[in-house]
């Protein structure tokens, strides 16, 4: 029998110390990684619940194990809320991650060797959209589209490639593209060549849920997303679709038993919590502020003479090219880290450096907006970053910025009393 008093602090001091250090880092550092956010205590409560003990292979009402009557209720809540949130007819809440959701879509609708047309990783796409190092690039014939000289997707080029290569599936989505995707145009191109349209909205799902970014569900054959990032839930995946019995059956089978065994019901419960949070009016206000903050930061970089890819942002993220400054993303990332500002190095279009070094940085505002930053704080923050980028070896500037960061983080904590 377990004692409820047996906490990690009492049982495993080494592990607890590292966990406490990470919690302190999250409070004292400014988080600007576009794919990161802070979940609510309710989301974390669900993830740490007794649901982690329950195995539940199958789907609600069709399980292979007994004792699933309550996890059936929980999973159905998550399904119903996801469908309501995104206006979908179908939702599968079982994928453990966004990449696994994407793999399940490919497994459901493609055969090995089929051609897919997705956005190049070097131009802002994702590994799972056909990158050569990913299974999506190894199992399928991946053709890539990119952005033009102005940093925008060239839809005429997408159409030309689609007509030339006749893909079985067109993938629309990104990990580092700051503009609005034209879902009607993607749909028209897919229809022209008889392809499935698959949209990966992992980065903008929260914006979509709040109505501040176009919803791809009415246009796509299938949509996937993560449940963290802008959606501000647990780390996990989600598949959505319009009513289509054949596709729904294929998707369910591709998730279980095709690519996963038992679902993580404690994470599914946390997804249900985050979907409920996203259905509240204040969530729209939050997402509107996320975009305002990203625009404010990008504007400062442009004013200070830096190159923002695509010339600005219409969502929660943007890419900063440091090619003109001859600064590597790796070195810039490290210098900002010493100032308690967390970013990620990122390749930029026509990057002369390797993906392990890069010539760019990716910024995102979901996390800082969660902790209460508005345009004024974001403009000030962007100015501090510019000061550091002006001389990565000026430790006096880095030290001064670090003290400012600690002060503003203390003023705007992630988790209040």
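Cβ from N, Cα, C; glycine included.
On a predicted model such as this, the values are computed, not experimentally measured, just so you know.
Feature annotations, reproduced from Swiss-Prot:
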BINDING   121, 125, 126, 127, 354, 355, 356  (6S)-5,6,7,8-tetrahydrofolate binding site
MOD_RES   229  N6-(pyridoxal phosphate)lysine
SITE      228  site 'Plays an important role in substrate specificity'
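Locations of recorded Swiss-Prot features on the structure.
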residue: 121; record: (6S)-5,6,7,8-tetrahydrofolate binding site; Cβ contacts under 8 Å, 6 or more apart: 127, 129, 131, 144, 175, 347
residue: 125; record: (6S)-5,6,7,8-tetrahydrofolate binding site; Cβ contacts under 8 Å, 6 or more apart: 118, 119, 131, 144, 173, 174, 175, 177
residue: 126; record: (6S)-5,6,7,8-tetrahydrofolate binding site; Cβ contacts under 8 Å, 6 or more apart: 119, 173, 174, 175, 200, 202
residue: 228; record: site 'Plays an important role in substrate specificity'; Cβ contacts under 8 Å, 6 or more apart: 35, 36, 37, 39, 234, 235, 236
residue: 229; record: N6-(pyridoxal phosphate)lysine; Cβ contacts under 8 Å, 6 or more apart: 34, 35, 36, 37, 202, 203, 205, 206, 366
residue: 354; record: (6S)-5,6,7,8-tetrahydrofolate binding site; Cβ contacts under 8 Å, 6 or more apart: none
residue: 355; record: (6S)-5,6,7,8-tetrahydrofolate binding site; Cβ contacts under 8 Å, 6 or more apart: 347
residue: 356; record: (6S)-5,6,7,8-tetrahydrofolate binding site; Cβ contacts under 8 Å, 6 or more apart: 330
Cβ packing number for residue 127 ((6S)-5,6,7,8-tetrahydrofolate binding site), 10 Å threshold: 16
Recorded (6S)-5,6,7,8-tetrahydrofolate site residues 121, 125, 126, 127, 354, 355, 356, farthest C-alpha pair in Å: 17
